[in-house]
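Summarising the annotation, TrEMBL assigns substrate binding site to G98, E99, I100, L101, R120. Sequence annotations record features per position, and here TrEMBL assigns Mg(2+) binding site to D121.
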Amino acid sequence: MTTSTDTELFATIRAQLYTAVVGDILDTLGRTHQFLPPEIRPLRPEMKLVGRAMPSVTSEVHGPQKKPFGFLTEALDQLEPGEVYITPRIVQPVALWGEILTATSQQRGAVGAVVDGYYRDTAQVLERDFPVFGWGTYAQDSSVRTVVSDYRVPVRVGGVLVTPGDLIIGDIDGVLVVPQEVEAEVIEAALAKASTENVVCKAIDAGMSATEAFATYGVL
Ligand SMILES: O=C([O-])CC(=O)C(=O)O
Ligand SMILES: [Mg+2]
């Protein structure tokens, strides 16, 4: 769930931060495995994602199920404003996201989806301008191949632990997870680093060498 503080926080992150600088700060805190797998890309390069994780557990199945899609619709229907639907990979290549999931998410005020797999209905999702991050387009249906077995529980996506409410940041360079317990510290330090990086670039644009700039400002 988002709070008024979240609204401000998300706006600040959107305006001033990007995954590279946030990842650098996580590294300095010893949180060195917070980026999701590099195959997870934005549907459109300029798409940015900032929100709170609503993890969903997708399990692999084979053939018709007693409850088709498992708890997929229930998981979607309880999304809160500011949340990001996020789900880990399965072995079979299937679309884990599409138009109807997008429509429901938008209706609920969710701000994006991250799937460690494919998405489909791409033309329609693009039309809806909803930030979806995944491997790419592939229309093989998830029905008869997956069920959602649980949601709003911790999951691992590409080895990264995602706990409900964790901050998810995505852009053209990928997606990372900021654990809530270090969130305030990470965002404050990332804002400082981003502003120093701007100073460094201006100095280099004005003729300073990379070596001198690194010696002077200590960031790269
Ligand atoms: O069936 C699915 O999993 C995805 C889909 O087509 C939709 O959301 O419209
Ligand atoms: Mg569809």
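Placed from the backbone N, Cα and C atoms, the Cβ positions cover glycine too.
The shown structure was predicted, so the numbers you read here are calculated from the model rather than taken from an experiment.
Feature annotations (TrEMBL) mapped to structure.
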residue : record                 : contacts (Cβ under 8 Å, 6+ apart)
G98     : substrate binding site : Y119, R120, D121, Q124, V125
E99     : substrate binding site : D121, Q124, V125, R128
I100    : substrate binding site : D121
L101    : substrate binding site : L72, L76, Y85, A113
Using a 10 Å radius around its CB, how many other CB atoms surround R120 (substrate binding site)? 21
Could you say whether, by DSSP, I100 (substrate binding site) belongs to a helix, a strand or a coil region? helix
If we take the residues G98, E99, I100, L101, R120 that the record assigns to substrate, their largest CA-CA distance in Å comes out at 10
All-chain count of other Cβ atoms within 10 Å of the residue listed as 'Mg(2+) binding site': 19
